[in-house]
């Protein structure tokens, strides 16, 4: 499934294409997509395919096409502080993007059938926290993953504000999914080859809307134990953050706000991700001449075409010159502020989430 937009050269290029095709429509979703490099969730040797609008599968590891994830993120209408459940959380790519929007006071849970994929997701999550330049630019709701079949969730489990299911849902499982949703919540899942948004408007009332034609593998049916019944799966607890963690969140937030105020006072704009300049397409002006009794179009270069060619050459030269300049190391102002605080080194390390950069 996918192929709706052109392939990108890198993550930013892919996001530009998704925006241009109207799959990404809101700034909040765009920021989350730019912050998480899709290529980081591919196995070594397969990264070249990361920026194509195509699904990817290797063994139990699976990523949906970027256009699908874009529609899902937009349809969920995420807000800070909400609770989210990802049914079939896979590599954790979607859950990590969701966590950037939910912020530190949200709930971010995922359930995945394959234990090796859960381990893969945890490794990718740890790598994002430790190594990504984007981590310090957001307040993050870290996903918690459990192994299990999403059709075996314990009946006394809590409900969620937002739910996504990444596998095809049969009609007879639709109500099971709906019960997991809070009143006022949104559930996005594929039903009968349609990605569907379901809103719970009351205790027993729902509104549904088809978003996109899709093709998903169906949910795996649960296996039964010796008693002939499937074992139930417990979801992660909705834990309250401790005071130490809350202090870290608020210290980092205060420093980040201070940095933003400083930059505004100096007239320094917040750095936006680089956008690629697309070459303008050369257009032709046609003249028409009669040949016998037929009117034949004859292409004629316009002055505007010549100017476009000159502009494109100038842009290529400028891009080449920029590429030849030595890259400046990225500046992490939040880290710099933390390291200047009059605190023991162990506390500074805690405030930086033990990141090395």
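Each Cβ is built from the backbone N, Cα and C atoms, and glycine gets one as well.
Under the three-state DSSP scheme, residue 64 (active site) falls in the coil class. Other Cβ atoms within 10 Å of the Cβ of residue 64 (active site) number 23 in total over all chains. Marked as active site by Swiss-Prot on the basis of similarity to another entry: 64.
Sequence-remote contacts of a segment are chain residues at least 6 beyond its ends whose Cβ falls under 8 Å from one of its Cβ atoms, and for the region 'BC-box' (240-250) they are 104-105, 139, 350-351. As annotated by Swiss-Prot, region 'BC-box' applies to 240-250.
If you look up Swiss-Prot, you'll see 299-333 marked as region 'Disordered'.
Residues or ranges marked as compositional bias 'Acidic residues' in Swiss-Prot: 301-317.
What Swiss-Prot records for 318-333 is compositional bias 'Basic and acidic residues'.
Summed and averaged per residue, pLDDT over the region 'BC-box' (240-250) gives 96.
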